[in-house]
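Accompanying notes for the structure given below.
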Amino acid sequence: MSHSALPQPATAHRSEALTGRVRVPGDKSISHRSFMFGGLASGETRITGLLEGEDVMRTGEAMKAMGARIERNGAEWVIQGTGNGCLLQPEAPLDFGNAGTGSRLTMGLVGTYDMETTFIGDASLSKRPMARVLDPLREMGVQVVSAAPGDRMPLTLRGPKHAAPITYRVPMPSAQVKSAVLLAGLNTAGITTVLEPVMTRDHTEKMLRGFGAAIEVETDAAGLRTIRIEGEGKLTGQVIAVPGDPSSAAFPLVAALLVPGSDITIDNVLMNPTRTGLILTLQEMGADITLLNPRNAGGEDVVDLRVRASDLRGVTVPPERAPSMIDEYPVLAVAASFAEGITVMEGLDELRVKESDRLAAVAAGLKANNVDCTEGEASLSVTGCPGGMGLGGGTVETHLDHRIAMAFLVMGLAASKPVTVDDRAMIATSFPEFMDLMTGLGAVIE
Ligand code: S3P
């Protein structure tokens with residue numbers, strides 16, 4: 001799909017109780033990694049539950065361009081990987097569209113190869129900082145042949161004949177940076193070490209271990225994680241069932257909390273503790289969320305979530321919780337708009353460098369819809385309006401950001417006046433079924 005096509009606005013209207021049982025698409029982080037690690041490993045990888053969103057498909061195309069064979073066979077994706085160390089130089093630039101995760105992890109994956117690789121993306125991705133990945137890669141011997149000003153895409157990497165293993169302390173809480181260095185370590189002789197002072201999502205560590213990588217994690221008394229990976233080992237294809245994405249579940253979940261009388265169940269949602277900050281926060285706000293049928297699937301905790309409409313009250317969200325709910329702040333800000341009192345969110349620095357400047361985009365969207373809020377350098381406080389009387393009536397600029405679009409459509413379901421987003425197209429990057437799923441529950445969105 002071309003993102004330069006005409007924008008497609010959408011408007012959400014105050015809706016009757018949402019009811020029903022749904023499944024959200026597969027987790028985006030695990031889906032990207034399934035294509036990458038499957039494409040790299042020797043032998044066959046079979047994946048069910050994959051998120052077939054545009055971002056993940058770009059990662060699949062990139063792996064194909066470097067020698068992996070990837071095919072959809074009914075409900076399953078079947079991959080024949082190249083073998084670790086055996087990726088081929090792509091003949092054309094790798095186009096990652098809107099996908100930060102796909103592009104940054106792939107820079108790590110191929111950066112240490114003795115070949116030239118060019119990365120391009122859409123207007124949003126081309127604005128995002130890549131120095132956070134390029135800096136450690138440079139230390140490993142990777143040459144940034146060219147890049148747009150400020151180490152941005154489009155950019156071209158050229159790997160060294162032999163990369164140097166490094167010890168790298170990740171300077172910001174970022175699973176993407178951690179993962180890029182670990183993936184660069186896969187094609188580097190010796191042991192590459194990542195020091196992670198603040199724990200972020202650990203899908204790379206867990207999945208690489210599953211594929212057979214020699215990877216060890218130690219956590220000291222202060223919470224510092226030391227992750228060591230030995231390069232040039234063998235990875236072997238796996239069978240993967242991708243659980244539902246908690247970051248996508250967040251939208252129907254908050255909608256059901258806000259629309260009076262709602263009672264929905266979202267099946268098969270990933271509950272990895274590095275991803276559950278939103279649920280914890282909403283429960284502190286008084287949300288009626290029940291975790292049903294807890295189970296383990298492929299090494300990850302999974303539950304079904306029953307969600308009933310609830311009267312919420314404002315809370316202060318501690319900054320150290322941010323990494324476990326980093327993608328959920330837009331929809332939390334919407335929940336806070338309907339809560340009794342003030343919700344304070346702190347430690348939001350990383351929101352400035354997502355698919356949009358999410359802090360600014362959320363604050364502007366709230367203000368356009370009559371929500372009283374204050375945007376700080378790295379914080380947001382929202383004064384709620386229980387019942388949503390007087391809220392809505394505005395048009396939100398989404399800045400090519402899927403989560404801004406979905407969050408404000410959720411707002412419109414409970415506000416007294418409709419909420420319009422300027423473009424729904426980007427929703428397809430992470431949650432192509434969003435409109436159908438929400439309208440199936442009873443949401444009025446057109
Ligand atoms: C992701 C890490 C997070 C998150 C993104 C997915 C990942 O980004 O926002 O949606 O799969 O590793 P950062 O690492 O930049 O925080």
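Yeah, the Cβs are placed from backbone N, Cα and C, and that goes for glycine too.
Features reported for this protein in TrEMBL:
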- D327: active site, proton acceptor (ACT_SITE)
- K28, S29, R33, S174, Q176, D327, K354: 3-phosphoshikimate binding site (BINDING)
- K28, G100, R128, Q176, R358, R403: phosphoenolpyruvate binding site (BINDING)
- 15-436: domain 'Enolpyruvate transferase' (DOMAIN)
- 1-23: region 'Disordered' (REGION)
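Considering only the binding-site residues K28, R33, R128, R358, the Cβ with the fewest other Cβ atoms within 10 Å is that of R128. A straight line from the CA of S174 (3-phosphoshikimate binding site) to the CA of R403 (phosphoenolpyruvate binding site) spans 18 Å. Taking every pair among K28, S29, R33, S174, Q176, D327, K354, the residues listed as contacting 3-phosphoshikimate, the largest Cα to Cα separation comes to 19 Å.
For G100 (phosphoenolpyruvate binding site) paired with K28 (3-phosphoshikimate binding site), the C-alpha to C-alpha distance reads 11 Å. With respect to ligand 1, the recorded positions R33, R128, D327, R403 contribute D327 as residues with a C-beta closer than 6 angstroms to one of its atoms, given in sequence order.
The C-beta environment of K354 (3-phosphoshikimate binding site), restricted to residues of the same chain at least 6 apart in sequence and closer than 8 Å, consists of G100, R128, D327, D401, R403. Residues near Q176 (3-phosphoshikimate binding site) in space but far in sequence (CB under 8 A, at least 6 apart, same chain), listed by position: G100, T101, R104, L105, R132, V133. Shown are the binding-site residues S29, S174; the one with the most C-beta atoms within 10 angstroms of its own C-beta is S29.
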